[in-house]
């Protein structure tokens, strides 16, 4: 890296990879253990829960793989680099999370109508082991999830699982002690609601970036105003403001140089770039220069 | 520049599925058939029928996504989405691919569970489902066959229908094997096999959509030859910080810095470069920054493919 100042995701990237690998490993180990246990004991419940943990491991694998791919530099194929791999991974994980949430909703409603006494010590023990693994995974990924929507999506998967395991334990005990059958569907309903709410909150930002939307906290008008305040600039139009990833912002625009200033065009452009980077933190700016006599007629300020 | 601008505006016409009546009718047919097939699948408990129903669903989903995205992508650019809404199509494809993958896993899982405990299946309704499928697929094929030769989107839909066709054949084989030999395992076995076909199909969709969303260079464009063409233009010293990407299939975007010699009119260079990129290389939208000396863009080196061999770039 010639410049160390521009990115978060380089410091302790290795440590992060290690933690993610550990999280994947723990979930895979439990999956294998449950499959073997299920086959040996003939318990279908254990195999079903193995699938559960496998889906957790899969979402972690997607997140971790995307995180590694995202660090590759630009090449002839990906001229902006691979950073967006993390956004694609987040979209996939959030979409499957929404599907899981909808499925839980369906299950809960179904069981409210027709209660199914899923209980017994074996199921509670399986859930307790799964909960321990989920908590370990959460501890490993929590710190990283604050700064990355990709890791946050995998973390949410894991959180959904942890809450599910907890619900199985609590509901199982309450059914055995008090015969409260309604606890299980009601808890499932609550979890489904929470998961869907979180996933829909997160997915909006991801879709916005993938659809080349402008940064939510920066109106294009502000950037145009900043550029037009630079001496020698008559106007800015055809502005495209978008985000490469969660942290990097991009601008492409045409600027019109005031009449008589064309000789200074290079210096004016440099000043505009410095201003835009200084005020709005946009490091990647492409400006097409037009002299006042040849500007695009009736051009729109934003878009083209 | 005025002719350029007009070109821009005219260039915004819809390129989307051309589709028309053929696609819409086959979408309706397939949609109705999906509901019937899902019902039969749940009622009989046949994995083969269920997996074919899921596949039918993804075909309908693909058409719905194409139709919906065609509507959305007509929305003009605004302050939030300065490139317009073209990308909605790609997001739709990614979600559709994700659903298909999810359904593939469900089918494979169900088949694996069923291998443990095969159940007796009523073969009559299964054959009925398959027959209904064959009829729908033949009608759909007839409707879009002609169009599929010229339109890439429709060709995708055709491929989907052919897969469903194979699915219907699998159901017939399953039902006949059960009826004449009583070999119940055939249902989960063939169902699982088709699950892997679904997985493979979803992988293709996911890979293409992800490439586009990651701003991959269009596969039909050789970036190095574009750079060479730009550098061959009169007055251009070099082209650097080159980016080529795709808004949605068929709409390629290009941006670069051009270093021009002292005393060269940058406006003339831009006009020539725009013509080259738009006309010869088919780019939909181009932004070129001309300069007599290279500006240092701190922090942007990691996304500059020319920085490695660019003299004067630190």
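Quick reminder: no glycine exception, Cβ is built from N, Cα and C everywhere.
Fair warning: this is a prediction, and the values are worked out from it, not measured in the lab.
Feature annotations, courtesy of TrEMBL:
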{"type": "DOMAIN", "residues": "B:24-214", "note": "domain 'Cation efflux protein transmembrane'"}
{"type": "DOMAIN", "residues": "B:218-292", "note": "domain 'Cation efflux protein cytoplasmic'"}
{"type": "TRANSMEM", "residues": "B:21-43", "note": "transmembrane segment"}
{"type": "TRANSMEM", "residues": "B:49-70", "note": "transmembrane segment"}
{"type": "TRANSMEM", "residues": "B:90-112", "note": "transmembrane segment"}
{"type": "TRANSMEM", "residues": "B:124-145", "note": "transmembrane segment"}
{"type": "TRANSMEM", "residues": "B:157-178", "note": "transmembrane segment"}
{"type": "TRANSMEM", "residues": "B:184-206", "note": "transmembrane segment"}
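Per DSSP, the domain 'Cation efflux protein cytoplasmic' (B:218-292) is made up of 24 helix, 30 strand, 21 coil. Sequence-distant contacts of the transmembrane segment (B:157-178), counting only residues of its own chain at least 6 positions beyond either end whose CB sits under 8 Å from a CB of the stretch, comprise 23, 26, 30, 46, 48-49, 51-52, 55-56, 58-59, 62-63, 66, 121, 123, 126-127, 129-130, 133-134, 137, 140-141, 144-145, 148, 184, 186-187, 190-191, 193-194, 197, 201.
Beyond the ends of the transmembrane segment (B:90-112), by six or more residues, the same chain brings 47, 50-51, 54-55, 57-58, 61-62, 65-66, 68-69, 188-189, 191-192, 194-196, 198-199, 201-206, 208-210, 212-213, 248 to within a C-beta distance below 8 angstroms of the stretch. Residues belonging to the domain 'Cation efflux protein cytoplasmic' (B:218-292) score a mean pLDDT of 88 in the model.
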